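Read the structure below first, then the notes.
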Amino acid sequence: MSASWLTLAVLCATLGAGPGHGEAETRECIYYNANWELEKTNQSGVERCEGEKDKRLHCYASWRNNSGSIELVKKGCWLDDFNCYDRQECVATEENPQVFFCCCEGNYCNEKFTHLPEVTGPEVIYEPPPPTPSLLNILVYSLLPIAVLSVAILLAFWMYRHRKPPYGHVDINEDPGPPPPSPLVGLKPLQLLEIKARGRFGCVWKAQLMNDYVAVKIFPIQDKQSWQSEREIFNTPGMKHENLLQFIAAEKRGTNLETELWLITAFHDKGSLTDYLKGNIISWNELCHVAETMARGLSYLHEDVPWCKGEGHKPAIAHRDFKSKNVLLKNDLTAVLADFGLAVRFEPGKPPGDTHGQVGTRRYMAPEVLEGAINFQRDAFLRIDMYAMGLVLWELVSRCRAVDGPVDEYMLPFEEEIGQHPSLEDLQEVVVHKKMRPVFKDHWLKHPGLAQLCVTIEECWDHDAEARLSAGCVEERIAQIRKSVNGTTSDCLVSIVTSVTNVDLPPKESSI
């Protein structure tokens, strides 16, 4: 009986030192940012920490060790992180990382930081004292480790079930899906910084993953189908291409009603082509570079590759929401295609999946989509993308300063004709019944390159879907036009035109 009471007392004493024991209140942290000029922030100072009421706050520091020279990267406040609990000193324990990271609790605890890797040494054997141990000592030495271990396991299990881990994966049993391509993402500090865009299915954040910026597209749980569709497209063999958005990971965060679905991709600071054209006028060479790399990306997406770089068969994929908002720009203005939430794959012997007719952005819908007269075959969907490409090429031309003449403010296709928020009926009237297209300005046609590009645009948005050019042909055309205008002749060029209305156009090429 006395042994049972002793065990109970030990357990109670251990439980009394629960998770709140040793917690230090964190209100302010030392702040430092090595990239302060680029990010337009303060370089150093004190940061006041703010967070949710029931969450703990910490300080952190990150630095590099370049051959013994310490290079401080960042300091500041850190969100609720189990790895930082009850740490009064900022100590990094990883053996030899690229970037050292530590976190702690308590005001200004990150003022000093150190690296102390875990060392596994020989086991220390406790030698009992020479006198014969009493029954009490035997019970304490036997039961105390068991009690501590049991409480630690229970505590860890309770915290796993009742808190939303800030940097870990959360699994949903009914749809485990394929494993994420980058399992280390959940082990690295990922911090959301600012919202960059809001779209049909959620918002896009700029985030920091260690020293790199990434984009995090967050879907609410009710848009799970769109998240799954885009994840499946990204996981298709052969989707790694310089003109397709780089995929990093797909994750599920939170539990129950707080569940969020994340897609983590490369971040491009220049944003979308729409945003760039709103604020910038482009040169002839810049126009050619954006247009050629954009066509190259769509051509590769449309291509069926039997054996792609050892990854397997890459099927033809139709984008189905091609527009300037879904074309991102790298720092050198190389185009990158993004947003594959509505994309559909065409695999031999398999149905293409969800192929509802009227999907995408109304303004960029082809005539056959607006009419609801779609042939649900692969070629028909690829030609729909090509109509939209014609509109995006027109947007590029409208902001080019290649010739003398005014460069108008940026406008969306058909904005001049039917405004910024056209209805489906407005577009049916203009595009289908009147067969109108965005207008070419007279002074554009005085430039030999722009004049040829206008011919190519007309062949992209042709009312007859079967007469539209393929993306691969557009890529070749633009390369030839650029060489011609820049002084390199080519026998394969389409004829230079001086007017779109009174010229014999070259034979129109099918999109296949």
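From the backbone N, Cα and C atoms, a Cβ is placed for every residue, glycine too.
Pulled from Swiss-Prot:
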type	residues	note
DISULFID	C29-C59	disulfide bond
DISULFID	C49-C77	disulfide bond
DISULFID	C84-C103	disulfide bond
DISULFID	C90-C102	disulfide bond
DISULFID	C104-C109	disulfide bond
CARBOHYD	N42	N-linked glycosylation site
CARBOHYD	N65	N-linked glycosylation site
SIGNAL	1-24	signal peptide
TOPO_DOM	159-512	topological domain 'Cytoplasmic'
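Structure with Swiss-Prot features highlighted.
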residue	record	DSSP class
C29	disulfide bond	strand
N42	N-linked glycosylation site	coil
C49	disulfide bond	coil
C59	disulfide bond	strand
N65	N-linked glycosylation site	strand
C84	disulfide bond	helix
C90	disulfide bond	strand
C102	disulfide bond	strand
C109	disulfide bond	coil
So if I measure Cβ to Cβ from C77 (disulfide bond) and keep only same-chain residues at least 6 apart in sequence, which ones fall under 8 Å?
T26, C29, E47, R48, C49, E50, G51, L57, H58, C59, Y60
Least Cβ-crowded entry, counting other Cβ within 10 Å, from the disulfide-bonded residues listed as C49, C84, C102, C104
C49
For C103 (disulfide bond), identify the closest of the recorded positions N42, N65, C90, C109, judging by Cα separation.
C90
Sequence-ordered, the recorded positions among N65, C104, C109 whose CA is within 10 A of the CA of C90 (disulfide bond) come to C104, C109
Which chain-mates of N42 (N-linked glycosylation site) that are at least 6 residues away have a CB under 8 A from its CB, listed by sequence?
Y31, N33, W36
Tell me the Cβ contacts of N65 (N-linked glycosylation site) under 8 Å, same chain only and six or more apart in sequence, or just say none.
E71, F100, H115
Cβ atoms other than its own within 10 Å of the Cβ of C29 (disulfide bond), all chains, total 28
For the disulfide-bonded residues C59, C90, C103, C109, which Cβ has the most other Cβ atoms within 10 Å, all shown protein chains included?
C59
List, in sequence order, those disulfide-bonded residues among C102, C104, C109 whose Cα sits within 10 Å of the Cα of C84 (disulfide bond).
C102, C104
Measuring Cα to Cα, how far is C102 (disulfide bond) from C109 (disulfide bond) in Å?
11
